Amino acid sequence: MSEARRDSTSSLQRKKPPWLKLDIPAAVPPAAEEPSFLQPLRRQAFLRSVSMPAETARVPSPHHEPRRLVLQRQTSITQTIRRGTADWFGVSKDSDSTQKWQRKSIRHCSQRYGKLKPQVIRELDLPSQDNVSLTSTETPPPLYVGPCQLGMQKIIDPLARGRAFRMADDTADGLSAPHTPVTPGAASLCSFSSSRSGFNRLPRRRKRESVAKMSFRAAAALVKGRSIRDGTLRRGQRRSFTPASFLEEDMVDFPDELDTSFFAREGVLHEEMSTYPDEVFESPSEAALKDWEKAPDQADLTGGALDRSELERSHLMLPLERGWRKQKEGGPLAPQPKVRLRQEVVSAAGPRRGQRIAVPVRKLFAREKRPYGLGMVGRLTNRTYRKRIDSYVKRQIEDMDDHRPFFTYWLTFVHSLVTILAVCIYGIAPVGFSQHETVDSVLRKRGVYENVKYVQQENFWIGPSSEALIHLGAKFSPCMRQDPQVHSFILAAREREKHSACCVRNDRSGCVQTSKEECSSTLAVWVKWPVHPSAPDLAGNKRQFGSVCHQDPRVCDEPSSEDPHEWPEDITKWPICTKSSAGNHTNHPHMDCVITGRPCCIGTKGRCEITSREYCDFMRGYFHEEATLCSQVHCMDDVCGLLPFLNPEVPDQFYRLWLSLFLHAGILHCLVSVCFQMTVLRDLEKLAGWHRIAIIYLLSGITGNLASAIFLPYRAEVGPAGSQFGILACLFVELFQSWQILARPWRAFFKLLAVVLFLFAFGLLPWIDNFAHISGFVSGLFLSFAFLPYISFGKFDLYRKRCQIIIFQVVFLGLLAGLVVLFYFYPVRCEWCEFLTCIPFTDKFCEKYELDAQLH
């Protein structure tokens with residue numbers, strides 16, 4: 001038996017490469033304690049090296065004593081809420097979540113704001129067995145066996161190539177130089193401790209072909225006149241040997257695939273020697289040998305030099321003498337000659353200084369992924385991945401980010417849809433920067449044609465007019481509160497209407513409600529009560545106000561004027577008569593005439609005018625066929641649209657503060673917002689998540705619109721201007737939080753400042769509100785400091801973060817409350833505020849928003 005072992009050992013030594021010299025230590029009797037450096041490696045399968053092709057050694061795992069079950073108390077609801085709140089704000093004591101966020105934040109800062117400080121990279125470049133060189137261009141020196149502690153000897157792994165066991169130094173650039181990997185004792189860790197090792201990504205067993213694919217291949221072979229068996233053999237034999245892991249049903253972790261051919265016990269050597277010829281080598285068929293003889297020009301890949309880019313792309317370590325490296329596609333199978341492997345990795349540009357980076361730094365900038373298909377629903381249904389996943393599918397999963405920009409995509413879809421519907425329904429206003437005038441001859445209320453002019457502001461965004469945008473939900477103060485000036489304007493118009501009467505033309509051509517000055521004394525009769533004999537009685541006395549064309553309390557049935565519900569003396573408080581008892585012959589001149597004018601709401605300030613339908617349509621007004629007086633209609637309700645007011649006299653559409661965030665002035669305006677969202681907003685949402693970004697986006701936009709409604713109350717504004725500046729404030733906060741680790745923070749600061757100043761100057765154009773920009777930016781700063789968890793530098797910084805969250809939340813709530821008080825209780829009228837948001841380069845460049853400027 002011992003002779004057989006010696007034969008197997010000598011046979012195995014003959015198979016060893018001639019350039020590999022190893023000194024195997026003598027067997028040491030088992031000690032009471034394990035060596036300190038082998039304590040982490042509890043499994044014997046970890047004690048294998050990769051000096052020979054891997055095999056699955058049947059080594060029994062050491063016996064583990066059964067652990068006692070540790071009973072733990074279930075966390076209370078208060079502790080769960082407290083821990084969840086701390087995690088959400090980024091001040092949790094959980095080191096894993098904190099390190100995860102720090103890795104994402106530093107990676108985002110390095111990509112957006114530039115290079116990090118050298119000392120930051122030096123601090124991150126810790127001496128670890130996981131460190132790796134990205135270039136992999138260093139060739140180790142010849143094998144050397146030196147002394148080691150604990151009676152063991154060190155083994156130099158020739159295949160490590162500077163991948164592992166890098167030590168930190170104090171160079172100027174913060175990068176460390178690789179050292180020769182030293183494997184303690186018989187455990188060669190260089191091949192599986194590095195993240196660049198090929199055993200991190202073991203090749204998977206090829207899937208079985210479908211019936212359709214095999215049928216198609218068979219038909220193609222018959223058409224070409226080839227044998228189906230030959231094609232199958234050529235496709236199947238592309239490796240010098242099949243890895244033993246392919247024969248197993250379940251894929252195990254990479255340390256179990258390491259070989260112990262040179263360093264394991266004698267029993268293991270005998271077992272591996274007996275199974276080595278059967279499981280490793282495959283004898284090529286005669287057809288394959290004939291194909292190889294026919295193509296002698298094909299280069300053998302065994303022992304060839306690998307290009308550096310190819311090595312880094314495939315993440316495969318260099319093969320052994322009898323390796324299983326895949327040949328080029330289409331290459332025939334050839335016997336593998338026993339030649340010495342080349343230890344160089346070819347690089348076109350050669351090794352360059354400063355191109356190596358350690359694994360902790362690589363993990364720092366590695367994108368944290370959310371497992372595809374294993375989200376919240378996957379956790380509830382106990383969903384898991386299968387044991388073997390195709391490499392292409394796995395690569396797609398690894399390319400996905402941790403946070404998906406759901407809010408960005410939803411917002412972009414809503415913006416695009418609303419803009420398309422608005423343009424299709426309301427059309428496109430005249431394009432330009434000035435005012436557009438339209439002149440036409442229109443039939444007026446007096447029964448004659450007159451030349452009238454309609455003026456409207458041009459829209460250079462290629463979109464609807466301002467009246468249409470207000471009707472859709474734009475920010476407009478008179479629709480959100482009872483504006484004092486608009487309300488006084490409406491009350492003055494009602495007072496004039498109170499003293500009006502029906503003007504009946506003498507030729508019986510028509511009548512219209514008007515004042516005495518507008519009624520011709522020679523061509524018409526002004527039927528004014530109580531002077532005119534047709535005046536009705538009220539409580540035994542003649543009515544003092546009236547008459548009203550086509551409305552009289554004596555002939556109206558619904559609503560009827562009966563005691564105790566008699567119509568009041570003031571005609572501006574009369575209701576609309578929906579049913580009349582008499583026809584066209586009442587012997588009352590104001591009732592038997594043909595009415596030529598009814599109320600029409602024109603403009604955006606609640607102006608009502610008794611006029612003809614033709615004139616109302618020409619002025620893009622809202623004509624009321626059912627009413628006879630302007631006091632019977634509520635023009636602000638018509639102008640604002642959306643949901644009717646609870647009290648027709650008091651506008652209450654406060655929801656315009658956030659509804660206008662989803663509207664745009666035109667197609668170009670929407671394209672600008674989409675570009676911003678798909679670049680800046682999506683990137684930040686991938687970093688912070690949709691919930692934080694949605695809170696900052698909406699609250700910043702609401703605050704910006706509220707400030708704009710205070711200082712520019714009569715200007716219709718749409719678009720997420722305040723929200724976008726709030727998102728820009730997030731970038732500033734991120735820069736301030738990462739100031740200590742950036743190499744050139746001032747450069748990044750001035751770049752962001754230049755972008756903000758450019759957008760602020762862009763807000764001097766019409767239809768863009770700088771007050772929303774400023775308020776949205778300030779509120780975005782407060783919200784970003786409160787809701788975005790960023791890097792903490794020590795325990796003191798963690799406590800500072802907690803105080804910062806409370807302070808900035810209180811400051812933001814104070815800012816919002818102050819703006820609400822100013823808007824509803826202490827209205828502000830600012831004369832010069834318009835120049836801050838629109839500079840009048842010409843007389844008609846900026847639209848006049850004063851109430852006395854009747855543009856419509």
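Cβ atoms here come from the backbone N, Cα and C positions, even for glycine.
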Candidate annotated as phosphothreonine in Swiss-Prot, where the set is THR139, THR180: THR180
Same membrane side per Swiss-Prot: ARG543 vs GLN740: no
From the candidates SER128, SER176, SER547, the one which Swiss-Prot records as phosphoserine: SER176
Feature phosphothreonine, as given in Swiss-Prot - residue among THR183, THR242: THR183
Long-range environment of the transmembrane segment (413-433) - Cβ separation under 8 angstroms, sequence gap at least 6: 456-460, 462-466, 468-469, 471-472, 662-664, 666-667, 669-670, 673-674, 677, 765-766, 842, 845
Intrachain residues whose Cβ lies under 8 Å of the transmembrane segment (693-713), provided they are six or more past its termini: 407-408, 411, 475-478, 480, 483, 656-658, 660-661, 681, 684-685, 720-723, 725-727, 729-730, 769, 771-780, 783-784, 787-788, 812, 815-816, 819-820, 822-823, 827-828, 830, 833-834, 837, 849
Tertiary contacts of the topological domain 'Lumenal' (769-773), as residues 6+ beyond its ends and Cβ separation under 8 Å: 701, 704-705, 707-708, 710-712, 715, 717, 721-722, 725, 759-760, 763, 833, 836-837
